[in-house]
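Annotated in Swiss-Prot:
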- F10, S11, G12, G13, Q14, D15, S16, T17, T18, C19, L20: ATP binding site (BINDING)
- C186, C195, C198, C201: Zn(2+) binding site (BINDING)
Amino acid sequence: MKKEKAIVVFSGGQDSTTCLFWALKQFDEVEAVTFDYGQRHRLEIEVAASIAKELGVPHTVLDMSLLNQLAPNALTRSDIAIEQNEGQLPSTFVDGRNLLFLSFAAVLAKQKGARHLVTGVCETDFSGYPDCRDIFIKSLNVTLNLAMDYQFVIHTPLMWLTKAKTWKLADELGAFDFVRTKTLTCYNGIIADGCGECPACVLRRRGLEEYMKEKEGANQL
């Protein structure tokens with residue numbers, strides 16, 4: 001894969017930044033694409049641009065504001081509480097988001113002569129999001145290939161990793177400190193370790209604590 005080109009779907013969060021570092025190890029040419037869909041915290045786009053610049057990765061921001069008109073949600077509307085009720089999808093779920101993001105990323109990739117798409121979706125800690133499932137990604141890969149008569153390959157390096165394993169991967173890629181201090185995962189728009197209270201921060205912190213405990217245990221052997 002080294003001599004080929006990849007497009008990373010990039011939000012500037014822990015998962016997509018880890019995937020960006022992964023892609024930089026796997027491919028000769030890497031570009032990032034970020035989608036502006038009216039995020040509640042505009043800082044997300046700024047963080048993504050800053051990280052891409054620091055890593056020397058060409059970065060494209062695409063306007064997807066239509067998505068917010070179609071599917072209002074807690075990530076774009078301050079009047080919608082961030083919550084998850086039993087038996088229901090979290091209020092942070094955006095209908096069609098990964099479907100649209102990967103479809104537009106594929107169009108961009110084809111224009112740029114790239115056939116590899118990289119996304120940080122994960123089924124292990126996926127919070128019930130249906131568009132983070134492996135079966136969806138595989139299905140979409142086939143659909144995109146048929147729709148554009150092109151041989152895309154969608155890579156999901158985190159698909160079967162817990163959050164602790166995602167921290168481990170970042171460490172193995174030499175990106176642990178970078179990911180911990182420079183990424184934005186928090187739903188309340190706080191960089192690095194975040195607010196510590198929203199679902200994204202709780203998941204991130206729990207994974208970090210689990211990984212650090214495992215690492216300390218291994219070092220004591």
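Cβ atoms here come from the backbone N, Cα and C positions, even for glycine.
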For the recorded Zn(2+) site formed by C186, C195, C198, C201, which further same-chain residues have Cβ atoms within 8 Å of the site's Cβ center?
T185, Y187, N188, I190, G194, G196, E197, P199, A200, V202
Other CB atoms within 10 A, centred on C201 (Zn(2+) binding site):
18
For the recorded ATP site, enumerate neighbouring residues of the same chain (Cβ within 8 Å of the Cβ centroid of F10, S11, G12, G13, Q14, D15, S16, T17, T18, C19, L20, site residues themselves excluded), in sequence order.
V8, G120, T183
Just counting, how many other CB atoms are there within 10 A of the CB of C195 (Zn(2+) binding site)?
13
Under 8 Å by Cβ from L20 (ATP binding site), counting only residues of that chain that are 6 or more apart:
V8, F10, V30, A32, I51, A52, L55, V57, V118
Considering only the binding-site residues C195, C198, C201, which fall within 10 Å of S16 (ATP binding site) when distances are taken between Cα atoms?
none
Using a 10 Å cut-off on CB atoms, tell me which of the binding-site residues C186, C198 is the least crowded.
C198
Enter the number of other CB atoms within 10 angstroms of the CB of Q14 (ATP binding site).
25
